Ligand code: KIV
Ligand code: ZN
């Protein structure tokens, strides 16, 4: 079956907005710029870069992403009020191709929160979409919780938004409530029955609460939607959003029955997936479709035998199609700087000279401790060193005594704002003792809401990547680190999270909290 432009599906990535607003997935400014650059390079049509009114940080990130964008349209989110929309425009206007995305909750449950009647809400939609359109030619409007909105009212407000100048109408399944047949029917019916529907693009935005986001998005496309909203790794609060890699690969692999095409370079998927997992602290489950560690692994005897005879027996796509290069032993302690640069380049990682020098030193240290350095080790090494320059807290040394016959003890030296101090603490195991030592040196009330350890590769000398999430007064920060010593990686990840909390606190002011798009105004 051939595809035509009628079958071109626009990919709208909201990793940096819907994904980043999920608790704990907060990214730094530099990380947001990096992810936006990678999305642009991968061929994402529209990047939803953030929610500019949420905080100074969000505003700055959206503005800078807008300035840097090469090919993608840069979109910002705004609630249905003039202040939000103006702020959004101030941020996205720097893009060669800006878009304002404004929304309001239209279902009975959502209408009740701002306490608007149906007529009052309809008036607000007309006013805000008109205002957005006066600022920007490219306006997207969303009736939040569309799939639980009464049909008559949904059709009425979609018509109002189109008449007011919206160019894309997004139909969100905000709570992941719909199912594929219903998702397709809803879009089909809106296109057939709403006056003016043929002049706009319909989009689908599905959450994954019942595990149907990918199926619902693809069904919406079959119903006539031509924009899919999604995130890398399906990042997003609760069960997440539609995963970009799943819809893109489904349309590619099953193009015989899903004859749609996108502009995405699928060979960039794996690298983006790893970067988003690292910077968000949301690890990808091993059996996750397309990007999970086991997605292309064949363990059982029958599978391995079949794979050796003909890869197609158990593989419906090639690992290279998603940018997965075979894990091989890459380098040892005699490898030089040029080899490291070239290997990292093959992995999609390009570093400035000073960054490369830093990674090279740490690579040599790792190669001394670990016989075989794998691709995954290098990726962990590169990502573990982030933020170091501006950190107020730095781990200098750690000695831990643990085992049977008594409590574990951690002896730690930490530099705080350049001054070294030491502490010894006992605890219920080495990690507990270590975290207590950090708290003794830098007293804080941050609540530890996640502590996660992953082995980067196989073997007892494997590096461990550790994620630590801390919450303090409404602010959440995730820290990461990697080391062949799990306790050292844990200490560094905890300190990394604390440094991030300190930075956020300094940026926001002690008691200020970011606005969420769910705060109705
Ligand atoms: O899920 C949702 O409804 C949203 C809207 C803001 C589009 O993210
Ligand atoms: Zn959403």
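Note that Cβ sites are derived from N, Cα and C of the backbone, with glycine treated the same way.
According to TrEMBL, the feature Mn(2+) binding site maps to 18, 205, 207, 241. Over all protein chains present, the Cβ of residue 207 (Mn(2+) binding site) has 25 other Cβ atoms lying within 10 Å.
According to TrEMBL, the domain 'Pyruvate carboxyltransferase' annotation covers 9-270.
The region 'Regulatory domain' annotation in TrEMBL covers 394-521. The region 'Regulatory domain' (394-521): residue composition by secondary structure is 35 helix, 53 strand, 40 coil, according to DSSP.
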Remaining residues near the recorded Mn(2+) site, that is with C-beta within 8 Å of the centroid of the site residues 18, 205, 207, 241: 14, 172, 174, 206, 208, 213, 229, 230, 231, 236, 240, 242
Contacting binding-site residues for ligand 1, chosen from 18, 205, 241 when the Cβ sits under 6 angstroms of any of its atoms: 18, 205
Conformational class of residue 18 (Mn(2+) binding site) under the three-state DSSP mapping: helix
Long-range Cβ environment of residue 18 (Mn(2+) binding site), under 8 Å and at least 6 residues apart: 48, 229, 231, 236, 237, 241
Other CB atoms within 10 A, centred on residue 241 (Mn(2+) binding site): 29
